[in-house]
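Some notes on the structure that comes next.
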Amino acid sequence: MGLLSDPVRRRALARLVLRLNAPLCALSYAAGVAWFLALAFPPLTQRTYMSENAMGSTMVEEQFAGGERARGWARDFAAHRRKAGALPAAWLERAMRSVGLEVYTQSFSRKLPFPDEAHERYMVSGTNVYGILRAPRAASTESLVLTVPCGSDATNSQAVGLLLALAAHFRGQIYWAKDIIFLVTEQDLLGTEAWLEAYHDVNVTGMQSSPLQGRAGAIQAAVALELSTDVVTSLDVAVEGLNGQLPNLDLLNLFQTFCQKGGLLCTLQGKLQPQDWTSVDGPLQGLQTLLLMVLQQASGRPHGPHGLFLRYRVEALTIRGINSFRQYKYDLVAVGKALEGVFRKLNHLLERLHQSFFFYLLPALSRFVSIGLYMPAVGFLLLVLGLKALELWMQLHEAGVGPEEAGGGPESSPPLQPAQSVGLASLVAPLLISQAMGLALYILPVLGQHVATQHFPVAEAEAVVLTLLAIYAAGLALPHSTQRVVSARAPDRGWMALKLVAIIYLALQLACIALTNFSLGFLLAVTMVPAAALTKPYGPRPLYATLLVLTSPAATLLGSLFLWRELQEAPLSLAEGWQLFLVAVAQGVLEHHTYGAMLFPLLALGLYPCWLLFWNVLFWK
């Protein structure tokens, strides 16, 4: 306390902070990036292990042998689907009843906020069919779900055939202590969301659906199955859910264990896991998988039907049969045995999965990085904002301490006047106008789509995207707008106060985002922190302006798309990247209004107004 109360010592501390601030910021930023890149290397990456005692052993004898029966059902389903042009609900009802299930249907409809050109739909309607296998050894208090999504672009007939064959096999067993729900949904994720809302008796997305006539117990876990190819060479596991949620790590470990037991090739992000972690090649391959997971999780999209189950505290995975590695080929019996083993072990659970990790990163299926090891990366990046905020606070409150006196160069910043106060009026206008721009960015594109289509020759989806980009670009005129409001007698140090507010605002947002979705928080921090720290209204303004534009939220999204396709070994040209960016923007807005994805409102209402504050600091007069 004496250090802060003594004016001489406080001034000496201010000189020290101002002198060492720049190198400390650079060192902290480099440490954050280096820490993240080191996550794929031992000892930061650890071997996965089973935490739940009830699932610690795979000593169950899988008896599924209905491969030919599954293929026959798959052929019949595909024929009836082609004939009906939609999900053959009546045929599915008969097939499920023939294996002894309680069968129910649910109809649903949803008018999208604007046409979904990626899937060519606007007024969406469909029917979900589900059958319940009642547990013979317990009351209907708990249940498991095996679901198969059927979209308009893929029949997924092999998965439907395997679902029916597994239902017939499970029906003949007497050891089930939990109900098992076999669910076939139409319209991809929309059908899954409609069924989940009706099952839990909530309506969070405005879906119109009929009430469910039959229910089982509380859902403990779910597995979504997608087999869109007749030849399965590997099983790819998707874990990223809505808004970056992840399932309990034990569920992933359980599936991987049964894949190893049955000799199935299991991949993550479509990539084989490294075998040798002692050399550099293994961790480098793991780093690519880790980056792919970070990009997928940061998008906030549900990368499969399992992503919607996670919202309701149901641990779930999506398993996709892919055809990429030609040297491996598996039939439906092998896949069915792996699923049978997973469900038999989940049947042993006495409580929900809770002992393993819910926050983690995966460089491979056999390796993981826990939250305690990856959070320092974003912590180092946020430390840069803390150091810059401390520097600005010292400059604002230490009268007469300029960079020359503090040991800085003569070109660092102009000397401060000792008796100069900061007027609040110079801060209110930029704050209010930037937040108003963010609110307009969030509301006007969807609200004004019909007005845009009446005056311009564009479709509704194009009108939404173009309006959003126009409002986003109009925010660049914010400094010229605020200069009309701010008094000409605004103090010279007003930009420092504004930048201090903007840095604190940005740090709070990034910290909150990183706690719930580390991937999104890290990507935004690694791009926005350097520009936030360097921006000032003097010096090489064109360089600072270029840096601000390149690290804006929109530019971060565009760069992430190029990086994502590069890691998938399918690089994009500039034209292809721009088209993919427009599609991603439209899908982000649509998924927010359809499923409740939070990326669009976070960027529009939080980070975009904050970025505009730094843009206003750059052009402060």
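Heads up, the Cβ atoms here are built off N, Cα and C, so glycines get one too.
Residues or ranges marked as transmembrane segment by TrEMBL: 20-41 (among others).
According to TrEMBL, the transmembrane segment annotation covers 357-385 (among others).
Taken from TrEMBL, the feature transmembrane segment applies to 422-443 (among others).
Among the features that TrEMBL reports, transmembrane segment is placed at 463-479 (among others).
Feature annotation from TrEMBL assigns transmembrane segment to 500-523 (among others).
The feature transmembrane segment is assigned by TrEMBL to 543-564 (among others).
If you look up TrEMBL, you'll see 571-590 (among others) marked as transmembrane segment.
Cβ atoms under 8 Å from those of the transmembrane segment (596-619) belong to residues 204-205, 242-243, 299-302, 311, 430-431, 433-435, 437-439, 441-442, 472, 475-476, 478-480, 482, 495, 498-499, 501-502, 505-506, 509, 513, 520, 524, 528, 531-532, 535-537, 541, 544-545, 548, 552-553, 588-589 of the same chain, restricted to positions at least 6 beyond its ends. Feature annotation from TrEMBL assigns transmembrane segment to 596-619 (among others).
The stretch from 20-41, 357-385, 500-523, 543-564, 571-590 with the most CB pairs below 8 A to the transmembrane segment (463-479) is 571-590.
Counting only same-chain residues 6+ beyond the ends of the transmembrane segment (500-523), those with a CB under 8 A from a CB of the stretch are 36, 243-244, 293-298, 300, 359, 361, 371, 374-375, 377-378, 381-382, 385-386, 388-389, 392-393, 396, 427, 431, 529, 532, 556, 560, 599, 602, 606-607, 610, 613-614, 617.
Within the same chain, residues 283-284, 286-287, 290, 361, 363, 369, 373-374, 376-381, 383-384, 387-388, 390-391, 522, 525-526, 529-530, 533 sit at least 6 positions outside the transmembrane segment (20-41) and bring their C-beta atoms closer than 8 Å to a C-beta of that stretch. Proximity of distant same-chain residues to the transmembrane segment (543-564), defined by a Cβ-Cβ separation under 8 Å and at least 6 residues beyond the stretch ends, is recorded for 291-292, 295-296, 298, 469, 472, 523-524, 527-528, 530-531, 534-536, 571-572, 577-578, 580-581, 584-585, 603, 607-608, 611, 614-615, 618.
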